[in-house]
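> Following this message is one structure expressed as structure tokens.
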Amino acid sequence: MKIDSLLKEDSILKKEINFKISKKKLFLFLRQFSILLNAKIPIIEIINLLKEQKEFKQLKPSLDKVSENLNNGMSVSESFANDKNFDMFFTSMIKLGEESGRLDKVVYDLSKYYERTYDINKKVQNAMIYPIILTVTGIVMLIFMLKNVIPTFVDLFESSDMVLPLSTRILISVSTAINEKGLLILMILVLLIAGIIIAYRRTKFGYYLDKFKTTKSIFGKQRKIVISSEIARSLSITHKNSMTILDGLIIIQKSMKNKYYKQELSDIFREIESGEYTLEEAFNKRKITPQVFNSMLKVAENTGELGDIFEKLSEFYDGEVEYAIKSFISILEPMLIIFMAIIVGFIVISITIPMFDVINSFN
């Protein structure tokens, strides 16, 4: 399979647009696409039929463009690739199905692939709801106290003409800054976040940040399992549909969002292509996947059962993701609670100590 024409670096604009089509809409679209293909309905009619369905309203602008491309004589894969909402993995698999004459099978496999991807993403999102609510609530309460509660004590402390503890002086300074320069602080935070996002996308900062999150952070193990699941799932579907390991790897590399893994997969591709290392040796050298993953690759190469092993790896790590999420939450929630307790404790101590001094001075 020749995929050179599709292997172009995604622009920032393309990456932003890709988020517009949800994985849920995509797998539902592919599921119906597969059913209609099996019914031997012409592809142009399938596209025109699906784009008018209410449940695919989000996809309609893209499907309009695909329909127009097909009418202009483009192939199916070119028609989808010409619309930036469909990612590299999607269009490469469509091209594979078109060239092999098994488009119906590839589309069905793609629907299952995106369905499993959606299920995993949904589990991650659901698991993060409580920590996010906890964090947002804590921030709102903290800002409320700094803006409305702490200032009421400032006049009392100042009128007492007493030497305030360091913690109280820090608390009053923060409260005063938020009340007097809140807008400026907000603007600085917005600019800082925007700068980090731009640096992540356009500089090596993104690579080093993703590397740190995967290899050094306390959640690195969980992150590695989630990405290993993605790699195994992608290798399974590409090999299942007769794509070579090298073609599969380069498509996975181009589709990878994690910049550290993107670079590592690129290096693995070059090492295998040059014959310097086998598939298992290249992955084992990089240490970007768990040891079990690498050992299974070695078994697959020794037995020649790559397809079965990739499928088993995919199923195994899809299951491991759920445990990784639970482990992540079991670490994150206590950390958030402890952090909030420290902040609240700091505020309480900073207020109560001088309050006792004021009361004692009156007595």
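Quick reminder: no glycine exception, Cβ is built from N, Cα and C everywhere.
Bear in mind that TrEMBL entries carry predicted annotations, made automatically and left uncurated.
Fair warning: this is a prediction, and the values are worked out from it, not measured in the lab.
Per TrEMBL, the features are:
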type	residues	note
TRANSMEM	29-50	transmembrane segment
DOMAIN	29-147	domain 'Type II secretion system protein GspF'
TRANSMEM	127-146	transmembrane segment
TRANSMEM	182-200	transmembrane segment
DOMAIN	232-354	domain 'Type II secretion system protein GspF'
TRANSMEM	336-356	transmembrane segment
> Would you list the DSSP helix, strand and coil counts for the residues of the domain 'Type II secretion system protein GspF' (232-354)?
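Split into helix, strand and coil, the domain 'Type II secretion system protein GspF' (232-354) gives 105 helix, 0 strand, 18 coil.
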> Apart from its near flanks, which chain residues at least 6 from the ends of the transmembrane segment (182-200) lie with a Cβ under 8 angstroms of it?
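Residues 147, 206, 209, 259 contact the transmembrane segment (182-200) from elsewhere in the chain.
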> With helix taken as DSSP H, G or I, strand as E or B and everything else coil, how many residues of the domain 'Type II secretion system protein GspF' (29-147) land in each class?
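With helix first, then strand, then coil, the domain 'Type II secretion system protein GspF' (29-147) has 100 helix, 0 strand, 19 coil.
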> I need to check the long-range neighbours of the transmembrane segment (127-146): which residues 6 or more away from its ends have a CB within less than 8 Å of a CB in the stretch?
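174-175, 178-179, 325-326, 328-329, 332-333, 336-337, 340, 343, 347.
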